[in-house]
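Heads up: the structure comes next, in structure tokens.
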Amino acid sequence: MSSNVGLTTPRGSGTSGYVQRNLSHLKPRDNPQPYPKDFDTFKHRQRQPDKDILEHDRKREIEVKVFELRDKLEDEGVEEDEIDDQCDALRKKLESQQTANGGPTAKNLKSQQVHELAKAKIVESEKLRKALGIREDYEEGGHWKQQEERRVEREKQVASGETREEERSGQKYRDRD
């Protein structure tokens with residue numbers, strides 16, 4: 001017997017004394033609803049890239065190429081001043097090329113480059129939005145909200161319109177009299 005659970009001795013009980021847990025017992029749930037009631041929280045939000053990380057990756061890419069050049073020149077035995085000059089020239093050239101190119105495309109990116117992929121996706125979505133002529137202030141699912149507003153407005157008109165119709169119908173009868 002462990003933890004003083006069960007019979008002290010199984011003798012005379014007609015059982016083996018083995019204690020099992022009740023698998024049919026359902027524990028109460030803390031949160032009865034697994035999802036929120038308002039569906040606006042389910043709306044897709046596009047991940048925004050972190051500009052600092054993008055800038056860091058861009059600079060790192062440049063510095064890797066500069067370091068490779070420096071390593072190559074040091075192996076060749078070039079003077080330190082000449083190495084610094086060539087490295088600075090390469091650095092300026094690469095920075096001007098990257099600003100002219102605008103960065104890598106989504107095809108060249110790897111799956112772990114999350115921020116670059118997010119930026120590429122935003123650019124792609126913006127191109128598609130412009131191509132399809134979708135307004136910038138367009139809200140996904142806005143049509144359903146407008147329909148719901150119109151339905152509520154109609155219900156209000158019907159509720160207030162019933163009294164108007166009764167008045168109109170009363171006027172028609174008066175005209176006949």
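Glycine residues also receive a Cβ, built from the backbone N, Cα and C atoms like all the rest.
Marked as compositional bias 'Polar residues' by TrEMBL: 1-23 (among others).
If you look up TrEMBL, you'll see 1-58 (among others) marked as region 'Disordered'.
Summarising the annotation, TrEMBL assigns compositional bias 'Basic and acidic residues' to 37-58.
Using DSSP to sort the residues of the domain 'CWF21' (54-99) gives these counts of helix, strand and coil: 43 helix, 0 strand, 3 coil. According to TrEMBL, the domain 'CWF21' annotation covers 54-99.
The feature region 'Disordered' is assigned by TrEMBL to 94-115 (among others).
Sequence annotations record features per position, and here TrEMBL assigns compositional bias 'Polar residues' to 96-114 (among others).
Residues or ranges marked as region 'Disordered' by TrEMBL: 134-177 (among others).
Within the model, the domain 'CWF21' (54-99) shows a mean pLDDT value of 91, rounded to a whole number.
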